[in-house]
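Taken straight from Swiss-Prot:
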{"type": "DOMAIN", "residues": "30-135", "note": "domain 'EamA 1'"}
{"type": "DOMAIN", "residues": "159-278", "note": "domain 'EamA 2'"}
{"type": "TOPO_DOM", "residues": "1-7", "note": "topological domain 'Cytoplasmic'"}
{"type": "TOPO_DOM", "residues": "29-38", "note": "topological domain 'Periplasmic'"}
{"type": "TOPO_DOM", "residues": "60-71", "note": "topological domain 'Cytoplasmic'"}
{"type": "TOPO_DOM", "residues": "115-118", "note": "topological domain 'Cytoplasmic'"}
{"type": "TOPO_DOM", "residues": "140-146", "note": "topological domain 'Periplasmic'"}
{"type": "TOPO_DOM", "residues": "168-175", "note": "topological domain 'Cytoplasmic'"}
{"type": "TOPO_DOM", "residues": "197-200", "note": "topological domain 'Periplasmic'"}
{"type": "TOPO_DOM", "residues": "222-237", "note": "topological domain 'Cytoplasmic'"}
{"type": "TOPO_DOM", "residues": "259-262", "note": "topological domain 'Periplasmic'"}
{"type": "TOPO_DOM", "residues": "284-295", "note": "topological domain 'Cytoplasmic'"}
{"type": "TRANSMEM", "residues": "8-28", "note": "transmembrane segment"}
{"type": "TRANSMEM", "residues": "39-59", "note": "transmembrane segment"}
{"type": "TRANSMEM", "residues": "72-92", "note": "transmembrane segment"}
{"type": "TRANSMEM", "residues": "94-114", "note": "transmembrane segment"}
{"type": "TRANSMEM", "residues": "119-139", "note": "transmembrane segment"}
{"type": "TRANSMEM", "residues": "147-167", "note": "transmembrane segment"}
{"type": "TRANSMEM", "residues": "176-196", "note": "transmembrane segment"}
{"type": "TRANSMEM", "residues": "201-221", "note": "transmembrane segment"}
{"type": "TRANSMEM", "residues": "238-258", "note": "transmembrane segment"}
{"type": "TRANSMEM", "residues": "263-283", "note": "transmembrane segment"}
Amino acid sequence: MPGSTRKLPVWLPILVLLIAMSSIQSGASLAKSLFPLVGAPGVTALRLALGTLILIAFFKPWRLRFAKEQRLPLLFYGLSLGGMNYLFYLSIQTVPLGIAVALEFTGPLAVALFSSRRPVDFIWVVLAVLGLWFLLPLGQDMSHVDLTGAALALGAGACWAVYILTGQRAGAEHGPATVAVGSLIAAIIFVPIGAVQAGDALWHWSILPLGLAVAVLSTALPYSLEMIALTRLPTRTFGTLMSMEPALAAVSGMIFLGETLTGIQILALCAIIAASMGSTLTIRREPQIKQVDVK
């Protein structure tokens, strides 16, 4: 009903975020299988080009009007979205998926840490940090991790932090439709880079269907869902809930790639999940939950 408002259930944006993270992990596995054919920059170009077309067709962003104070955050939102994709795909060329995701998570973890105000919030962040610490193959195995790939994953994490902070401001009015504009900004910068490096193979008929699947799983679906969660969850809660990402990556590697987990790593996953659950349970103590118009 026009002009009416309804308070969304607290659990709904959390469920939306979990679906988005699962979709991204599925897309990352598929994307990595395309690296031998078109390279990481080429997959980035496919993901952004096809994903942007889907988002534009669905959200029709030319109808949106952004206030002057939203334009700069929107620009940085789009640039960080593209940089996050590009650097992450470069990193998983040489770094295992689970490790790359864990290193990339330093971005949202930093957002959660610096946004914490109450002791209980800090507890969940510390618990997530401990989980990530033991999840990473520190010690003997760490010598086998490519340092350049690890640095690229950390760079992707920095872009992720900017994505979270600017996404909340840029999407405050238009919600998930903002993703279409942000993705277009990212595509303008990073699609030409990937297209030049991949060459004609990028647009081969056998590659395009797989690229479309990557675009849907890794861009169109999850970023739309994440924007819903971004504009309806506190910053620290969103950042801490994203700690599920490396846990999902590790479990995905175990199921689909045959990777085994040690007892300590299993405990680390439990710590990360506990941090996410704790953060979720404390949402109800927030003064307000964002309301949305139901048109």
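Using the three backbone atoms N, Cα and C, a Cβ is placed for every residue, glycine included.
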Selection from 8-28, 39-59, 72-92, 201-221, 263-283, the stretch that has most Cβ pairs under 8 A to the transmembrane segment (147-167): 72-92
Structural state census, the topological domain 'Cytoplasmic' (222-237) (DSSP three-state): 12 helix, 0 strand, 4 coil
Residues in the topological domain 'Periplasmic' (29-38) grouped by DSSP into helix, strand and remaining coil: 9 helix, 0 strand, 1 coil
